[in-house]
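Chemist: Shown below is the structure under consideration.
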């Protein structure tokens, strides 16, 4: 992990800044600053769009834009890479039937829930496509023509995804191993799972399991998550956590590094191999060291400043792809 930084404030494990929370923080400062914040909010198209779309905060669009670019909420982790590696050796071989599942996502510091809302939407759409494909494969294995409209819906699925998926080691007992396994109907996919964790109270999000007042660094929280997950591992760990505004860019950066370190330790505890880790950061002195640390755990580390991020902000996101283990 990174060397110890000057400030260790795990009490700031708080989350995506909601409009209301940000307003409260701004209100405690000078009136002029509050006035500028109010004017900025009133003229911000993402604030208005969030209200229209029913999202709890404007940061929901940052996650949508990140996923539109990297597709970590719509493609099972490592699936494309595994298909590429397997194509040559599996082109002529009969493949065993494996259990495929909807994505498992954990949103760290999730309050007020905008990112959790987007995660539920995206993994739900991915799962509907998966169910459609499962239905068609079942009918094909029994000699029944695919369901009507399949060709149109298959457009959501990359051609490489048609290749056999890499077996999930945690579901190995569900893989058919008999001589007739190749002709057995596909096992139904496991439902997606979205979990939201926050140290503060948090309202429920339809379609997600919310763990409010849960410290992601605590053993108790880890045990709760392990009980919910069972044998499943996590495909994506999200963190839009940020420290309270300090007015000092250097302090904010160091506090954010602390949050990323905590989220990374959490991610390495629960992620499956080939999983994704997406986190917010602010530019500062620890950038290179943090990037080096992330590259020790992931095959690819991308940097992205989505359009919904304000131009004047030093904020950006690490999108880490292909978890290789601790």
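Quick reminder: no glycine exception, Cβ is built from N, Cα and C everywhere.
Annotations for this protein, taken from TrEMBL, read as follows:
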| type | residues | note |
| --- | --- | --- |
| ACT_SITE | 280 | active site, proton acceptor |
| COMPBIAS | 138-154 | compositional bias 'Polar residues' |
| COMPBIAS | 165-181 | compositional bias 'Polar residues' |
| DOMAIN | 55-125 | domain 'Ribosomal RNA methyltransferase FtsJ' |
| DOMAIN | 192-323 | domain 'Ribosomal RNA methyltransferase FtsJ' |
| REGION | 135-187 | region 'Disordered' |
| SIGNAL | 1-25 | signal peptide |
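Tell me about the setting of these features in this model.
Modeler: Under a cutoff of 8 A between CB atoms, and with a sequence separation of 6+ in the same chain, the neighbours of residue 280 (active site, proton acceptor) are 239, 240, 241, 242, 256, 260, 315, 316, 317. Classification of residue 280 (active site, proton acceptor) by DSSP places it within a strand.
Note on the domain 'Ribosomal RNA methyltransferase FtsJ' (55-125): mean pLDDT across this stretch is 76.
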